[in-house]
Each structure stands twice: as structure tokens, then as C-alpha cells.
Ligand SMILES: Nc1ncnc2c1ncn2[C@@H]1O[C@H](COP(=O)(O)O)[C@@H](OP(=O)(O)O)[C@H]1O
Ligand SMILES: [Mg+2]
């Protein structure tokens, strides 16, 4: 467990993320314009307001720790590769869902140590839910002010309890269908943003195959939550845990989130990757 995030620091981090969330909600409720970024993804004033609020909070709390944000602009790998510890943030994950006003967006803050997401906060302000996890330590959600400890669930017998498979609302539908075609009895749930990974951490979902592009800031905070809850976030090709800051590109490989490895879904994954 990282000794760096003390209980006092954790409380200040949660408060800081909630404060950034209040700025996001003010914009969500009052109206906003939408720009299109170079990669064709949307950007709103809320992304930038959250970015500035989170950076200021982290710089105040831990001035010595570098921060990489989706909205920072690129920081070359030559600079990042020596970082033993850094904050990795996605100020507004699920911007499409924000624009569509369905509430399925989050603010993500992760602490990375030697490439491993060791601590994460994922906050969904519309759902009034915060997921917090420290690998090897506590993992809980705060939903409407109530704290609940989290545990990923073991895969049930699909004949008696169909597996729950969660997929993106906006990306990668074809590969998701190929994967599901190889599974035993299951139910599908569509969801935006990092909430998908958090559902696996809660034991509300069994699998989240992501066979479409994402970046490290999309997944790191929720990966810490999933791992702390006993689940795994695995490279879909190697079935090794995802790592951050290993190369120039911040794109993730395709991955699968699960409570545990199991050959019954590994064969479906292989077929989906090769199909
Ligand atoms: N072509 C692409 N390249 C990299 N990341 C992509 C992408 N298309 C979508 N994403 C990532 O997928 C995230 C949304 O996933 P989902 O649709 O499952 O909610 C986006 O987060 P942002 O909203 O923070 O940009 C974005 O980072
Ligand atoms: Mg994102």
C-alpha cells in the first residue's frame, strides 16, 4: 500500500475533487458551448474549469508531485520517464455523456507510483457518487453521503446468475458485440466514462471489455479502485495488468476489466480480438 496517501490527505483529496465537481455542475446546469478537439472529441468549459481546479488543489496539497492532465498538453516521455510518482487526472471523463446530459461523466484523479495506479478517486457529481480506492488498503464508495466498502464479485454460474457485461455507450460497439457473442448467458449494460470500471469494483458488473481506444487518464483512477476491490484491469492481448508511463504514447492497449481471470471469457476475448 502506498504510505504517501495518508487518511488526512485522502480526505483533502476527496474534498478537492468534490469542489471541482461543483464547478462542473454549475456549468452543466447553466449551459455551455462545445468545441471539437483535434482528435474529434468534444471539449467544454467544464473540462477546463475542472482541470484548473484539480491542478490548483494538487499543487497546494503536494507541490513536489508532478501532475499530468488530459488537458495539460503533451509532456514528452523524456521528461515523464523519470517520474517515480505523479498525479494523473482526467478532469471530465465522458465528455460526450456530459454534452448529452445523461449524467454518466466523472472526474478522475489517480496517483501513479512506478507506473502502477496505486490510488484513485472517481467522482460522478450528477449521481452524487464517489469511488475511492487505495491498492492494498481501503476501497469504498460514498453514495449520497453513505459509505459502502467495495468488493469485486467472483464470476457466478451463468445458468443461475447471468454474467453482467458493461460496455461503452459511445465507443467500440462492434467489438463488444463480437465478445458478447462468445459468452454464456449474460446481460449487457451500457454506461459512460470510468463508471464502467467502478461497477466491476462494486460487484455490480462482472466484465468490461474495452476493445476500442482510451488513454491512461481514462482508466488509471478507476483501475486503482478495481484493483483495491480485488478485481483486475488486464491488457486484452497479454492479460497483464495495465501500466502507465511506459512509453511516449499515453494510449492504452485494448483491455478487459474483471473480478478474476477465467478461461470462459478468455476464449471469447480471443475470438473478439481475432474477429
Ligand atoms: N479515438 C480515441 N482515441 C483515444 N481515446 C478515445 C478515443 N475515442 C474515445 N476515447 C476515450 O474514451 C473516453 C470515453 O469513453 P466512453 O465512451 O466509454 O465513456 C473518452 O474520454 P473523455 O470523455 O475524457 O475524452 C476518450 O478519452
Ligand atoms: Mg476520459
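Cβ coordinates come from backbone N, Cα and C, glycine included.
Taking a C-beta cut-off of under 8 Å and a sequence gap of six or more, residue 90 (Mg(2+) 1 binding site) has these contacts in its own chain: 69, 70, 106, 107, 108, 194, 217, 218, 221. Residue 90 (Mg(2+) 1 binding site) carries a strand DSSP state (E or B). TrEMBL lists 70, 90, 92 with the feature Mg(2+) 1 binding site.
Under the DSSP three-state reduction, residue 70 (Mg(2+) 1 binding site) is assigned to coil, being neither helix nor strand. Per TrEMBL, substrate binding site is recorded for 70, 92, 93, 94, 95, 218.
The Mg(2+) 2 binding site annotation in TrEMBL covers 90, 93, 218.
Listed in chain order, the extra residues whose Cβ falls within 8 Å of the Cβ center of the Mg(2+) 2 site residues 90, 93, 218 are 70, 92, 94, 106, 108, 193, 194, 214, 215, 217, 219, 221. Listed in chain order, the extra residues whose Cβ falls within 8 Å of the Cβ center of the Mg(2+) 1 site residues 70, 90, 92 are 47, 50, 51, 69, 71, 89, 91, 93, 95, 107, 108, 217, 218. According to DSSP, residue 218 (substrate binding site) is assigned to a helical segment.
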